[in-house]
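Colleague: I'd like to ask some things about the structure below.
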Amino acid sequence: MADPYHNNIYHQGDGDSYGTYGQGGQDGYGYQTDYPPQEEDAASDATEGHDEEDQMYEGEYQGIPHPDEVKAARRAARAKARTVADAVSEQEELAEQYEDIMEDCGHGKFQWTLFVVLGLALMADSVECFVVALVLPSAEKDMCLSHAEKGMLGLIVFLGMMFGAFIWGGLADKVGRRKCLIIVLAMNCISAFFSSFAQGYGFFLFFRLFSGIGIGGSVPIVYSYFSEFLQMNKRGEHLSWLCMFWMMGGIYASFTAWGIIPRYGWGFSMGTEFQFHSWRVFVLVCALPAITAFVGLIFMPESPRFLLENAKHDEAWMILKQVHDTNWRAKGEPERVFTVTHIKIPKTQEDEFIEIQTATGTAFQRWVVRTLTLTKLVNHKKTISLLLLLVVYFSFYGLSVWFPDMIKHLQHEEYESKLKVFHREKVEQFHFNFSLENQVHKEGEYINDKFIDIEMKSVKFEDSLFVDCFFENIRSTETIFENCTIRSTVFYDTDLYEEKFIDCTFENVTFLHNKKGCHLDYEEENDVLVYLVSFLGSLAVLPGNIISALFMDKIGRIKIIGGSMLISAGCTFFLFLSFSQAAIIAWQCLFCGVSVAAWNGIQVITVELYPASKRATAFGVLNAICKLAAILGSSIFASFVGITKVIPILLSFVALVGGGVLALKLPETREKVLL
């Protein structure tokens with residue numbers, strides 16, 4: 001029986017047949033569709049009673065061209081460009097064919113469903129960046145963390161994400177986008193669960209590292225995955241809309257932290273060894289985006305472009321047909337037929353050395369070969385893309401850490417300005433039944449005094465004498481006794497352990513039922529400003545996200561990136577004008593709102609610069625290097641807190657201006673098919 005679609009072959013331009021779809025043999029795979037043959041004048045149930053010639057396109061009266069005419073014009077323009085070019089590589093030819101298929105599949109229900117699922121995965125990555133910073137003020141007291149341990153906890157997540165991006169980006173090009181993303185999200189969910197119950201610092205650190213390694217692969221996979229379901233004229237806009245989920249992740253993390261962590265009663269305890277405070281509930285809640293994305297991905301197909309690159313043509317054809325039918329049914333045109341019958345197969349172009357190493361070499365040799373192969377793809381334009389990413393990550397993360405640290409520094413300066421100093425006071429037979437806060441007591445004498453049921457916060461006793469005193473049920477924060485003499489004194493049920501006594505002399509002193517661990521009054525210790533700054537900083541990127549999405553395909557990636565970076569550089573100088581807490585929050589919001597457009601543009605152009613076979617690998621390597629830039633930026637900027645504000649501002653300004661100039665040397669990719 002003759003193939004009912006034997007003559008249903010696409011035509012491009014002036015009679016240039018869509019030959020690779022209609023050629024069999026070694027260059028093509030043919031597909032027999034499951035539709036029955038139709039007579040020429042047969043009509044489907046959906047169109048019965050309508051004369052096709054009598055139907056009028058509703059935009060015709062307004063001079064709006066029919067979508068099919070626009071699509072035909074785009075194809076004719078691309079065909080003309082190919083004829084003008086001296087030579088068209090097989091990779092470019094395959095990219096053109098895939099673009100034509102995606103245009104026929106349309107943009108609709110399938111892409112929007114995938115958009116939500118992948119957006120939730122990107123949201124999980126954003127939440128992971130915020131979660132440690134938001135729980136640290138509570139976790140440091142719950143687990144008695146030193147300054148070094150707090151720094152390591154903040155660093156370990158970015159280190160995990162750096163290695164995760166490198167590892168999972170490469171695997172996504174070998175194993176598949178969907179499969180790797182499912183594993184990545186599963187790792188994040190499992191790690192979040194176990195880290196919320198981990199009581200010791202070591203276990204908590206390990207699970208946060210494991211979580212970072214997992215979720216670190218989400219960014220390169222998500223952008224590569226989604227871009228391969230988008231046609232050229234939709235790619236920049238919808239990849240930019242996808243970036244909105246990163247903003248939503250920051251809002252979700254800060255909003256839920258604000259609502260959960262200060263609620264001390266939301267936890268429980270099992271004796272003194274197991275504590276589950278409200279910040280641990282927050283860690284669990286932060287896994288919800290990853291869990292939802294994981295469930296959604298189960299129902300999503302693999303990228304057909306990945307399958308074609310790996311010679312899985314039957315699976316790719318079935319998925320493309322699924323995309324086509326899903327979109328056109330949702331648009332009310334179920335009678336549209338997926339007319340692709342043949343797809344040309346890509347030829348393997350690996351050299352003999354790579355083939356031998358892949359088959360017989362060790363794992364390290366295979367990794368070296370793949371890395372060397374990837375470096376061959378990097379030209380000066382792609383190097384510029386890398387430099388721009390480094391600039392954005394260095395400046396954005398550096399200032400993102402510097403802003404809240406400066407707010408804390410200003411708060412600390414204001415707090416210290418209200419310090420009360422008591423010199424050579426002598427107190428005898430007195431009952432202290434009120435809390436002591438922000439005080440320094442020098443060369444005092446306390447004889448037969450009682451300190452019962454009180455809190456000591458930021459209190460220092462220096463060169464003082466305690467004789468026949470009684471301390472009971474004391475809760476202390478940043479309280480120390482330095483060079484004091486303590487005689488015939490009892491400490492009962494207090495958290496005044498030996499580390500809080502520096503160079504002190506003890507004579508007949510008794511410690512009974514000392515409290516173990518650090519104890520936190522959540523209502524007083526959790527400053528809502530921490531959550532407010534995070535929330536406002538995340539919300540401030542909304543205008544930049546909207547502008548970049550609306551204009552990414554209209555004015556181009558280069559103008560978006562360059563303009564955003566130069567305006568962001570200008571925003572940093574506003575910091576010289578005013579330096580109050582309110583001003584810093586305002587400048588942070590302004591900087592985040594403007595710089596996010598450059599961020600989105602660079603993400604889009606990075607996807608478009610690399611071919612499908614190396615896209616996730618290249619994106620993963622770039623993202624890993626940029627995570628390193630983020631670590632360096634955070635460390636460098638934080639080191640100047642309390643010392644000078646000039647250097648961080650100048651560093652950001654120079655980096656952003658240089659990045660804006662470099663952006664002009666990038667190629668414009670908005671009218672190029674995805675290789």
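The backbone N, Cα and C atoms fix where each Cβ goes, glycine too.
Just lifted these from TrEMBL, have a look:
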- 114-670: domain 'Major facilitator superfamily (MFS) profile' (DOMAIN)
- 1-55: region 'Disordered' (REGION)
- 112-139: transmembrane segment (TRANSMEM)
- 151-168: transmembrane segment (TRANSMEM)
- 180-198: transmembrane segment (TRANSMEM)
- 204-226: transmembrane segment (TRANSMEM)
- 238-261: transmembrane segment (TRANSMEM)
- 281-300: transmembrane segment (TRANSMEM)
- 384-403: transmembrane segment (TRANSMEM)
- 529-551: transmembrane segment (TRANSMEM)
- 558-579: transmembrane segment (TRANSMEM)
- 585-607: transmembrane segment (TRANSMEM)
- 619-640: transmembrane segment (TRANSMEM)
- 646-664: transmembrane segment (TRANSMEM)
Colleague: Could you check whether the transmembrane segment (151-168) packs against the transmembrane segment (619-640) - three or more CB pairs closer than 8 Å, residues at least 6 apart in sequence?
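Modeller: Yes, these stretches are in contact.
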Colleague: How about long-range neighbours of the transmembrane segment (238-261): same chain, 6 or more residues beyond its ends, C-beta under 8 Å?
Modeller: 107, 111, 115, 118-120, 122-127, 129-131, 134-135, 138, 222-223, 226-227, 230, 278-279, 281-282, 285-286, 289, 522, 526, 528, 531-532, 534-535, 537-539, 541-542, 545, 548-549, 552, 596, 599-601, 603-604, 607
Colleague: If you count Cβ pairs under 8 Å, which stretch among 112-139, 204-226, 281-300, 646-664 touches the transmembrane segment (619-640) the most?
Modeller: 204-226
